[in-house]
Every structure is written in structure tokens, then in C-alpha cells.
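Written below as C-alpha cells is the structure these notes are about.
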């Protein structure tokens with residue numbers, strides 16, 4: 001069973017210590033009641049990941065753990081077979097003991113677009129909401145963050161993250177908790193909060209923005225990356241059914257509308273730092289994620305549209321700062 005006690009110990013003397021009033025009970029309940037059919041199998045695989053500490057770890061330019069020279073060909077093959085039991089791998093890529101986990105998403109491209117615009121992460125306490133398997137968390141740590149906490153309710157993402165962490169050798173200050181943001185109390189403690197690829201999955205985007213605000217300290221920075229459409233501050237796409245074959249897409253605003261929402265939620269210094277149409281090379285089928293991907297979600301006759309006829313995925317990154325609220329929006 002995955003143990004969260006080291007996280008409790010690390011935050012006991014930090015500005016997150018008041019979280020300990022509720023978090024152990026919430027995670028204890030999750031461990032008792034979570035019934036995902038594959039979780040016991042994945043935990044058994046995790047228990048087989050007994051490998052020497054890597055001879056090197058690079059989190060600055062990539063997520064590379066080990067050079068591959070420490071393992072025999074047989075050991076390397078065994079490790080790759082174990083890691084493949086956690087398929088599909090969606091966010092990455094990872095390089096582990098010479099094994100290239102070629103994930104569906106080139107998450108390093110997104111990081112390269114975002115990183116130049118954010119406040120330096122040196123010595124910051126960071127929250128990554130909807131962190132997936134944790135790729136960006138490792139890059140945040142490589143950028144100098146003091147502590148990185150990710151939340152994502154998916155048990156597969158949790159196990160993928162735990163696999164990478166166990167193979168990294170050290171007890172790095174990076175932790176993934178199997179929670180949704182609605183399970184977090186208002187912590188008012190993080191220096192930077194990331195929400196990337198989450199907003200359009202939320203039934204109430206304004207509530208999501210308020211929940212993000214509640215996790216930031218006063219003056220803390222929000223990094224929000226999400227799908228957008230073209231248009232003015234009144235433009236919002238509400239898909240009738242599916243968007244890009246996804247049945248959990250609720251609201252896709254224009255950049256202007258999104259900035260207005262943030263202003264209404266008492267954020268300041270709001271600025272759009274990047275817009276980017278998702279390229280077929282950034283999200284694609286791979287040997288580690290053999291299912292449908294972006295090319296199947298687009299109109300084969302016109303890739304500027306989804307199969308449903310909506311504009312193809314376009315993403316924007318917005319940065320904003322938590323301000324003293326003028327009124328109680330919660």
C-alpha cells in the first residue's frame with residue numbers, strides 16, 4: 001500500500017502544517033475505500049521496483065533518471081516490462097535507466113512554453129492541480145522549487161508517479177496525493193499554483209478559479225493553462241455533447257472571457273503569455289500509449305476542426321496574482 005507518512009513528516013513544520021488536521025483522515029479513507037480493480041496489481045508492480053540508486057538525475061532539461069549503464073541488458077528488459085504494466089503513459093517523456101518512455105503528450109514542449117513567463121520557482125512551495133503522472137512536478141523541482149505537491153484522483157497516475165519516484169533514488173520533496181481540488185481546505189499557503197489542462201473539465205469554471213485562489217498565499221501566482229476559442233469577452237463554447245471525442249468538456253472560453261473571469265475572482269496582474277494550437281506531433285499515439293490520440297479527434301478532411309465540427313484544440317497560458325478580495329465570492 002502506498003504510504004503518505006513521509007509527506008506528513010515533511011509538512012509538519014511548514015506553512016502547510018494545518019493541513020494535517022484533515023489530510024490523514026481523508027487519505028486514510030481513500031486507502032480503505034478505493035476499489036479500482038487494477039490498484040492491487042499496480043501496487044505489486046511497485047513493490048518489484050528494487051533497483052540501485054541512479055548514477056545521475058537530471059530534472060533541469062528533462063526527467064532523466066540514470067544513464068542505463070548500471071543495469072545489465074536483462075535487468076533493463078525486466079524494468080521496461082514492469083514499467084509497461086502501467087500503460088497507457090500519457091504525460092512525459094521520461095528517461096529511466098536508458099529506457100525512453102515515449103508518452104502520448106510531449107509535456108516538455110508545454111513546459112518550455114510556460115517556464116519563461118512564470119516567477120522563478122526557486123525556494124517556492126508549489127501546487128500542481130490535475131498533475132497527471134507528475135511530469136511537470138519533476139520539472140518544477142528541477143527549476144528550484146522547495147516543495148512540490150500534486151493532486152490528481154487517478155490511481156494509475158499515482159502509481160506511475162510512485163514508480164518514477166522510487167526509481168529516482170532520493171527522497172525528493174515531491175508528492176502526489178490522490179485527491180481532487182474540491183477535497184482541499186482553503187490552505188492559503190502555496191507560492192505558485194498550476195492548473196494546466198483542467199478548467200474545461202470542470203462543470204463550474206468559476207468555482208475552480210475560486211478553489212485555486214484559496215490555495216494561494218496573498219500575492220501568490222496562478223499559472224492557468226486551458227483550451228480557448230477565438231472571440232471577445234462574451235465568447236464561450238459549450239459543446240452540445242462531445243468535444244474532440246471527450247464527453248467531459250464543459251466550457252471553453254475566449255482569452256478575453258477567461259481574463260474577465262479571473263478579474264471577477266479577485267486576481268490581478270492578469271496577462272496571457274502564450275497561445276498555441278496543439279500540433280499533431282505534440283499529442284500522438286506511441287508505443288507506450290497505443291490508443292486513439294489527437295489525429296483521431298480531428299476532422300480527417302479539415303484538421304482545423306474536431307470530428308464534431310468545433311475549432312481544433314487551442315491552448316492559452318494565463319498568469320495572475322492573488323489579490324485581497326473585494327467581496328466574498330465563495
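Glycine too: its Cβ is placed from the backbone N, Cα and C atoms.
Copied over from Swiss-Prot, here are the features:
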type: BINDING; residues: 91, 105, 110, 130, 152, 153, 154, 181, 182, 196, 200, 315; note: carboxy-S-adenosyl-L-methionine binding site
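Among the binding-site residues 91, 152, 154, 182, the residue whose Cβ has the fewest other Cβ atoms within 10 Å is 182. Note: residue 200 (carboxy-S-adenosyl-L-methionine binding site) has non-local neighbours 226, 227, 243, 249, 250, 251, 252, i.e. same-chain residues 6+ apart with C-beta under 8 A of its own C-beta. Binding of carboxy-S-adenosyl-L-methionine is attributed in the record to 91, 105, 110, 130, 152, 153, 154, 181, 182, 196, 200, 315, and the widest Cα separation among these residues amounts to 26 Å.
Residue environment of residue 110 (carboxy-S-adenosyl-L-methionine binding site) contains 23 other Cβ atoms, counted within 10 Å of its Cβ in all protein chains.
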